[in-house]
Structure formats: C-alpha cells, structure tokens
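Peer 1: One structure follows; several queries about it will come next.
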Amino acid sequence: MFENGFFNRKKRDIAPFIFLALGLFFILLGYVLTRAYFFWANFSYFSTETSNDVLLAFLHGLRFDFVAIALLNTPLILALCVTIWFRRFVNIGIIFILFYLLLVDVPAIIINFIDTVYFPYTGRRSGPEIFSMANDVVTQLPELIFVYWGYVIGTVVIFISYVLLLSRLRKKLKPVFINKLLMLLLCFVLILLFIVAGRGGLQSKPIRALNAYSYPSSGLGGLVLNTPFSLLREDPDDLKRVNYFSSDEDIKAVLDIAGSKIKTVEHKNHNVVILILESFGLEYFGPPYGLRSYAPFLQGLAEKGRFFPNGIANGRRSIEAVPSILAGIPSLMSEAYMRSPYQSNTLYGLGEIVKPYGYSTAFFHGAKNGSMYFDDTTYRFGFSQYYGRDEYPDSSQFDGQWGIFDEPFLQFTLDELDKMSKPFMSGIFTISSHPPYTLPEQYEDTIQEGDIPMHRVVQYSDIALRRFFETAATKDWYKDTLFVITADHTSDNFDPRFASTLGRHQIPIILYQPNQEIKKGVITEVAQQIDIPATIVDYLNLPEKDKILPFGRSLLTANSQADAIFKEEDAFWLLSQGKYVKLPMAKDAAIETGDLPDTFTKSLESEVPVDLEKLTRRLKAYVQMYTNGLIDNSLYRFSSEKTE
C-alpha cells in the first residue's frame, strides 16, 4: 500500500524544503529592504551616527531578522518535517507553504514597512503596547488611509510582488529526491537551526530588544531592530523589582527627600489653565533657541512669564504626556501608564486634588471623543467634564482628519470656561500642529511656508493661541488665573542641533500669571512635565503635598540641582546641572555620562564641578522608586506627610 503512493519507503522529495528556503531568502530580503527604507525615511534621527556604525547596524540587524523569521516559521517547519514523509502531501505542502508565507511572513514585512511612520513619534519600534491602541487605529482608519496613502500603495505593491514572485518559484520547482536517512538528518538539522535562530544564537539567554541597543551604538537600536521582532519577543510591561538600594532611607538620602510634615496655610482661590500644545518642540522657537521662530506669540508670552527653556518632555507620546502633566508620573516603561497593568494603582490627579477646595474642573480636547482614551484618563484624574469634538456645536470646523481646528475650538473653550463656577481648573489640549498638517481654508494663502510642513501648522496653532489670550484677557477671571503652558512632546525635526535623543525631548515650559504674582524671567534650571502638579499645588498653597509624587518639584522655587528623567533607547536618562547620565537596561552595559548639548541654555553655575557618580546614584534611586512603587502600589510613600 505504502509503495503504491501513500508512503514512499525508498526516497523522499525535498522540493517543499527547497521552496521554503527560496521563499525565506526573499522574505529576508524584504526585511533588509524595509530596513533600508526605514533608515532613509528617518535619516534625520540617525544623522549624527557614523557611516561605519550605520553599516554595522544593518549587519547586526540581520541577527534580529533571523530571529523574527525563525519564530514566525517554526510551526511551518515542524509541520513540514512531519508531512514530508507522505508522498501525497508533497504538492499540498508546497501550496500550504505558499499561503503560509503570504499570510504570515509577508504581513510581517508590511508591518515592518508601515512602522516607519510611527517611529518619529516614539523613537522606538512598536511593541505589544501597540495592540492597546487598536480601537484608536480602527476609528481613525479612513483618515489614516487618506493621510498615508503612499503606504497603502506600498503595502499593495509589496503583497502583489510576493504573490507573483512566490507563484513563479512554485511553477519552476522540480522534484528532488534523497534517501530517507538524509531526509531524517535534514529535518533534524533544520529544527536545530530554527531553534538556534529563534534564540538569536548560542548564548545562554535568547536575545531581546536590549541587545539591539548595545551594538554598534545605542542611538542605532531602532535601526537594528525590526518591528516583528519587537512584537514577538517583547512582553507587555511586567516590571521586575529593582534593588539598587537596600532601604527606603537610602533612597531618601540620595534624593534628599526629607519626608517633611505639611503645614496648613490659607489657600489661594485662583483659577488654573493648563495648556498642552500638540508637538511644540523648543526648536520651533527663534534665537537663541531655534533657528527661526514659528511661534512668535508663544515666545513673546514666555518672555512675560516664568520661562524654562530647558524643559523636558518625560515621554515621546501624547498618551504619556497627560499622566505626566496632570498627575506627575514619569514614563519609565515601554507601555503608557494608562494602558499598563498598573493603571488601577493609587494615583492622584490634579482635578481630584483641587476639588475639595471648591474647584470646578474640565478638560478640553478638540479631537474625536475617545481618542487616546483622553476622556477616561482625565475623568480618572478628577476632571468632572470632558469637551471633545462631539460637544463642539459646528461640524463645519472639523479639519477632516482629527478634530476641530485649534482657533475655533479654543474660542469655544473660553465660552465654556465663562460658564464654569469659580475657581476652576481646566486642561486644554490642542490638535492642529500635527500631521497631516491641515490648515483652515482662510489661512492656506496667508501662512508662510516653512522648511518642513510642520512649520505651517505650528504657525497656525500659534495664531490660535494668540487669539485665545486676546479673548481671555477680556474676561473678569483672567487676572486671577495661572496659565501653565507646555507641549506634549516634540515632533518633526528640521534643526540638526535638535536631532539627538536629548533634543527630541526639549520642550518649552511656561508659567504665566497676568498679575505677575509669580517671579518672571528665563530660568535655566532643568524643568520637566512632572514638575507641573507640584508647581500648581505650591502656587495655590494647598496642603496636599502628600498627593504629589516625589519625582517632580515646584518650579516656583529655585533649584540649581534640579533633575529631569525619561526613558529612551532602552535606557534611563537623567539630566541635571548641565550633564546627563544614561543608564542602559541591558545587564553589564556601560553607564554613559556627558555634557548637555548646545541646545540647552547654560546657567551661571554650569562651570561648577558636578559629581557624576552622585547623579548616577540619583538616577538609580528614581528608577527603583518608580519600579518598585508601581509593583507595590506604593508610589506615595516618599511624599510629604499631611498633618490633620
């Protein structure tokens, strides 16, 4: 029976293996080509790297390509090693391989290609956290297709190219027979190779994304990696306990946390408006900061207030900025806090803190309701009302992509603020300074072209901001209001001086009080988004510092040793006193220190010697306090104690 066709006792046809080998070769070529496109499309991000390191990054990237291909195709190779022994399954096996490659491997290449779009906004390859954004992607799919039509065409071209290529290979395939002993050996070797490739080599532990940042340069980690690898090998944030210090007392000593009692004082019934400007990097300011001002009104307003040109965004995404600004929590893990397993931890938002003192609270964001979960997030932080696109009365002001244009929405916001009982606290998040760079029709011919498309929409948002303050100045509540103005993150880069990891976190932070109840001036200390809650509580004289996380500090008090922290390139960073410390997550990786680049405004104390070892210990203390605090739900144990 077997001899007649069901089972060939003598020889086996290895045509399916040959077809798979050829197919995987072209799949590997797809990874290489999409990496080359990724490098070209994000050239400004890697412009400071040497050509030698870039070449090494391409070579090192092959290791991660092999891992992704091996992990995706292990089920296929196992199935093939079983069915290859049955003659009637040879042709079926070849067809199965064809469809497997088209439905598994080719989509992986397409994902690698499409992630090129998202990289400039996060500075890293997308990992499992991207799945938590599925609802946003589905909701915005028509707009995304319209904006990134080139990638839609590219996706179709890639898929059709592989259909034609693999179909042609299949037609040219001829039977190749070997005896069953060699077939057995071949199956054993292939399974062994896939195991080794899936681990990334013969080292003791399988490689992870961390390994991509260790060679040839940490700044090239995103180029070394591929997105399928990140999706397959990186677990959603499951933090591991950190033990740099043996006790909380050691951490308090390193960070100079006194754990003082809070004195009850008479609080100030002033209003607070927190303006979060979409993608307003410091480089859009003019000299002495950027090359040319695309936000002249905002820069002029900064000169009238308390301006921190050395402001730092604690993350690279909008969804990371809102918890930092409204609750003071940094973004020191890959997943955004509000999409992490720790989102239900104890966390006090500004809205919750001020409500007991008679404040009405609202958050305004002109995008579609539910975008980035901002409505749920701001409710979580104690803001009672949320106003989005759904609440805006005139649909003709919709930009066709994301939401309501900034100028009309900010005027709508002022109308709603007028209706709120006083005192009030409001958060306002603009949207127009964002791809696809849409302008209202009346501004198409009046706003000048910049060096990049982003410059035009930044100018428009600056105009909208000017009109907002012009109207606000006519309100009776204006002079009794603290305006806190910052950005969620940076965006498209043109000025090469800002094309660095540090430059991509530089944002303006401005405190403006029309009655000048705060000391104005250009403050050259480092400031960060997570300082904002402490600053507002300090300004209002609220005895609620036990609800302020210990990572930030009040910007109303001078502090020449102020810190800023963030995570990027699979490393933790600390900026302080004109220096930076980079602490890689990879075990045994060297700690890097250096001077802040020239894009940072130097202080008079910049010539004072800095103890870099002390800064390193401070960074480790922050990391331990953050990590273990999330795991134990005890972030506030280092905060001040409230007296009854």
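Backbone N, Cα and C define each Cβ position, glycine as well.
TrEMBL labels come from automatic prediction, so no person has curated them.
Checked TrEMBL, it gives:
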- 17-40: transmembrane segment (TRANSMEM)
- 66-86: transmembrane segment (TRANSMEM)
- 93-114: transmembrane segment (TRANSMEM)
- 145-165: transmembrane segment (TRANSMEM)
- 177-198: transmembrane segment (TRANSMEM)
- 271-541: domain 'Sulfatase N-terminal' (DOMAIN)
- GLU278, ASP488, HIS489: Mn(2+) binding site (BINDING)
- SER318: active site (ACT_SITE)
- HIS434: substrate binding site (BINDING)
Peer 1: Name the range, of those listed as 66-86, 93-114, 145-165, 177-198, that has the largest tally of Cβ pairs under 8 Å with the transmembrane segment (17-40).
Peer 2: 93-114
Peer 1: With contact taken as 3 or more Cβ pairs under 8 angstroms (pairs 6 or more apart in sequence), are the transmembrane segment (177-198) and the transmembrane segment (93-114) in contact?
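Peer 2: Between the transmembrane segment (93-114) and the transmembrane segment (177-198), which are separate recorded stretches, there is no contact, as judged by 3 or more close Cβ pairs.
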Peer 1: What does DSSP call the residue listed as 'active site' in the simple three-state scheme?
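Peer 2: Its secondary structure by DSSP: helix.
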Peer 1: Mind giving me a neighbour count for GLU278 (Mn(2+) binding site)? Other Cβ atoms within 10 Å of its Cβ, every protein chain shown.
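Peer 2: GLU278 (Mn(2+) binding site): 24 neighbouring Cβ atoms within 10 Å.
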Peer 1: Taking every residue in the domain 'Sulfatase N-terminal' (271-541), what is their average pLDDT?
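Peer 2: Over the domain 'Sulfatase N-terminal' (271-541), the predicted model scores a mean pLDDT of 94.
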Peer 1: Can you name every residue in this chain, apart from GLU278, ASP488, HIS489, with its Cβ inside 8 Å of the center of the Cβ atoms of the recorded Mn(2+) site?
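Peer 2: Counting only non-site residues, the set is ILE276, LEU277, SER279, PHE280, ALA313, SER318, ALA321, ALA487, THR490, SER491.
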Peer 1: What's the CA-CA gap between the residue listed as 'substrate binding site' and GLU278 (Mn(2+) binding site) in angstrom, rounded?
Peer 2: 7
Peer 1: What's the CA-CA gap between GLU278 (Mn(2+) binding site) and the residue listed as 'active site' in angstrom, rounded?
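Peer 2: It is 8 Å, counting Cα to Cα.
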